[in-house]
C-alpha cells in the first residue's frame, strides 16, 4: 500500500514504531560496547540533555521538591532524565553502582566517576580526554576562549590568558581593593536601612561592580539602582554599558541557551539587545586599549598593572612580538575570553559568596573564629601603621578564613559535573579502595563525566564529608615544607595536596586560571564585612529549613546557586550576643 494512502493515524503509529525500534537497536549496540569495558552499567531511555529530558524537567521537578529538600534524592526510574540531577543525588548513585560506572542510552555511553585518582588522571591527560564540543560551544557567544579550546589552540590561549592572573600582574591586588571598597558600600547600605535585605541581589550587585572595574576598568557604584543603569546612553548605542552588563549577567542562562533571533521575537527582546550592545561596547574598549598600547611604550610595559582587558591585550602584544607576528589574539578571541572572565568573575563568585554568607548566618560559631582571625590581622596591620588591609601583606594571613572558603567551595561547587570525551578507544585506570588498580578500555566517543559532588562528599577522601570543617585545611600532615618562613601558608599548601579530591577549580593540566583572583575577592569581602558586622538570618527565616534547602536544592542557573528567597541581615557586632 502506498504510504500516501495510509490513514494519518496508521502513518503516525508506524513512524513511532520505527523510531522506537531504531532507539532499541542503538541501545542494544551500546549495551554490547558497555559489556566489553568490564565496568558496571545501568540503562536509561532518555538523557537529561535530550530535548525530551529538558521538556520533562520543569514538569516533573515540582512534584519531587519536598522529597528532594529532605535529602532523599530522585527515584531511580527518573533521575538520569532530569536536568541537574547530580546536585540532589550527591553520592547516592555511586553508592548503588560503584565509584565508576557506565550510563547506557540510545545516544551512547557516559562513564561517571567519583574516583579521585581517576579524576586526576583524566584532568592531566588533556590530549586524550577532550571537552565535548557540543557542551562547550554554548560558552562562545562572543568567540573562542581558554575554556572551550583544545590542543594547540588551548596552549595559545593559555600563554596569553594566564599572565594577567599571576601575582606580579597586579590583578589580585586590584580585585582585593575593589572588593573591599564595594563591601564597605554594601555595609553602609545595609546599616542605613537596618533591615533584612535581599542577599542574592546585593551580592550580585557587589560582584558585578567588582568585575566591571577589574575586568574592564569601568567603575559601578554598589548603590546604583537598575533604573539608573538605563541613563547616560552614549551616541550610537541603545543602552548604557552597565545596563547591558546587568541584563547579560542576570539572564546569562537564556543568552547561552536561546538563539538571539528567537529572543528578538519574544518578550526577551531587551535581553537580545543587551547581548549585542555589550559586544559592541567590548569591541570598542578593545580597539581603544589596543590603540593605547601601540602608541605608549610605557603603557605597554610588562610591569604595568591594569585591569584584565588591558593585561590580556598586553600579553597578546608580547606574544605576537615574541612570535614575530603582527598580532596574537584576534578581536574575537579577546572578546571570547572577556566573556569567560565575566561568567566566572561574576556568576560563579557571586554564588560561592552567597553560600558563604548563608553558612555564616547559620553557624555563628564559625563566624566567631573568622572574626577572631580578622581582628588579629587588622591588629597586625595597625601595628605596622596601616589602617586598611591589602592583598600583598595580608591575604596569606587568613588561614582559618581560607579554610572556611575552601570548605564552602567543597560543599557547594560551582560546577557539579566536569565533562570530557575520548575521541578514540582509551584506557582508564580505576583505583578501588583496598584493591589493586584496574584498567578498562572506553570506546571512542564515550563521554567521561567527573562527578564533583560525589567526590566532594566521599568519606574515602573527606571524613565526615557533610560537615563544614575549616580546621581540616589547617593540619600539616602531607603538607609541603614552607619555603617562605615569613608566610603563613599552611592552608594554601594543604589545598595543593588534595589532587583530584577537590575539583571546584577543576584541576591538573586545565585548572582554573583565575582561582587566586576569586580567592582574593572572597577573603577581601569577608574581612571587610566581618571587621565591623555579623551576618545573621533575616526575620522569618527558619534555620533548619534554610540549611536543608541550600544542601539539597538549587536555583537552576549556569553554575550552582542557592534558592533566591533566603534573607539575611547585617548587625553591628556590638549589637549581637553570641555564645
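A Cβ is built for glycine as well, from the same backbone N, Cα and C atoms used for every other residue.
What you are looking at is a predicted structure, and each value in this text was computed from that prediction instead of being measured.
For the ranges 7-29, 30-52, the feature annotated in Swiss-Prot as transmembrane segment maps to 7-29.
In summary, of the candidate residues 194, 434, the record from Swiss-Prot lists N-linked glycosylation site for 194, whereas the others have no such entry there.
Cβ neighbour count for residue 390 (N-linked glycosylation site) (all protein chains, 10 Å cutoff from its Cβ): 14. If you take the Cα of residue 390 (N-linked glycosylation site) and the Cα of residue 512 (heme binding site), they are about 23 angstrom apart, rounded to a whole number. Within the chain, the transmembrane segment (7-29) has long-range Cβ neighbours (under 8 A, six or more residues past its boundaries) at 43, 45, 104-107.
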